[in-house]
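Structure first, commentary second.
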Amino acid sequence: MNALDLPKAPHETRVVVAMSGGVDSSVVAGLLKRQGFDVVGVTLQLYDHGAASHRKGACCAGQDIHDARAAAEHLGIPHYVLDYEDRFRDEVIEKFAESYLAGETPIPCVECNRTVKFRDLLGLARDLDADALATGHYVASRALPGGGRALHRALDPARDQSYFLYATTAEQLDFLRFPLGEMEKTETRALAKELGLSLAEKPDSQDICFVPQGRYSDVIARLRPDAARPGEIVDLDGHVLGRHDGIVHYTVGQRKGLGLSGPEPLYVVRLEPDAARVVVGPRTALATTRIRLSDLNWLGEGPAEAVRDLPVAVRVRSTRPPRPATLTVGPDGAVEVVLAEPEDGVSPGQACAIYADDGPRARVLGGGTIRRVDALSARPREAA
């Protein structure tokens, strides 16, 4: 086996590297090239860059395409730029807008990985007769004794991206490789300098690529100019406290920007899109221990349908560590997560990544989209 767990000599092994123009994917390309693999770089143009082309901290911006091309030229590997704007708009941006209008808090990076990157780009890699598709994600992939591969949290906990990759299927994992999963970021930057890459000190991307300055409502207004409608801001008992200009301006757990005053801080507890209503309450009303999921991607042992009260750990936000929970998949396919301790600010539309345990290198068992959150103390929803 070579360094990528493939039964071929490196020079006979073609690897397509998804090059975003950042330091991580460029180092992956350089590292594999140095190890003797037949490396082909591919960069995806995903959206109309416009003003974001030169905006610092943006992912996949126009400058990144230039940087990816320059890195490939420096490394002496072929490089292709593919226009995936239509696919990205249909599979990611439009779904993002619909989810927000439904009162959810979507995670577009999960959908992008699920579709454009690990479905469409992986298919392209196969068309190029590649043996593997490698990316610069900080997540680990390990061979399983009985065949196939397992996904694990990265060595560098501060960089671990497993939360965004839970939807990767077992079939995709067989073809994917993540060389940075066993490295820390400082080591990656040191390798970039060693490889002579000019972007060794390039800042990491911070924003979602199509959301300038994190202003989601601006994106929704552009995509659905007539969708936002004003409505009431009410407390848990239905008393009107104020008005708003559209639920797209709010997300569960939000405190700032409500324009309300009172004896205690108020937070967005839930959004009711059919009534254009924002429900607010005290922080205690955000707590939940019971979450329902849809679109389960199962990477664990055995069929998902056999899972009953399985001890696991889950992450309901990328910034939070895995927390102990139990997982049950009902006979009808309903997926329920019961948390050992309450979590605050869990919103429909968010991702829930499932792990075998809460350890630093835990195996990823899959995950799903949060569809329902049962609050501990919130009043029952009024009938629509």
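Including glycine, each Cβ sits where the backbone N, Cα and C put it.
According to Swiss-Prot, the features are:
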| type | residues | note |
| --- | --- | --- |
| BINDING | A18, M19, S20, G21, G22, V23, D24, S25, L44, G136 | ATP binding site |
| DISULFID | C112-C209 | disulfide bond |
| ACT_SITE | C112 | active site, nucleophile |
| SITE | H137 | site 'Interaction with tRNA' |
| ACT_SITE | C209 | active site, cysteine persulfide intermediate |
| SITE | Q350 | site 'Interaction with tRNA' |
Enumerate same-chain residues with a sequence separation of six or more from D24 (ATP binding site) and a Cβ-Cβ distance below 8 A; give 'none' if the list is empty.
G136, H137, Y138, L180, T188
Taking residues A18, M19, S20, G21, G22, V23, D24, S25, L44, G136, which bind ATP in the record, the widest Cα spacing (Å, whole number):
16
What's the CA to CA span in angstrom from Q350 (site 'Interaction with tRNA') over to S20 (ATP binding site)?
24
If you measure between the CA atoms of A18 (ATP binding site) and C112 (disulfide bond) and round to the nearest Å, you get 13
For A18 (ATP binding site), list the number of other Cβ atoms lying within 10 Å of its Cβ atom.
24
Determine, from DSSP, whether C112 (disulfide bond) sits in helix, strand or coil.
helix
The rounded CA-CA distance in Å from C112 (disulfide bond) to S20 (ATP binding site) is 13
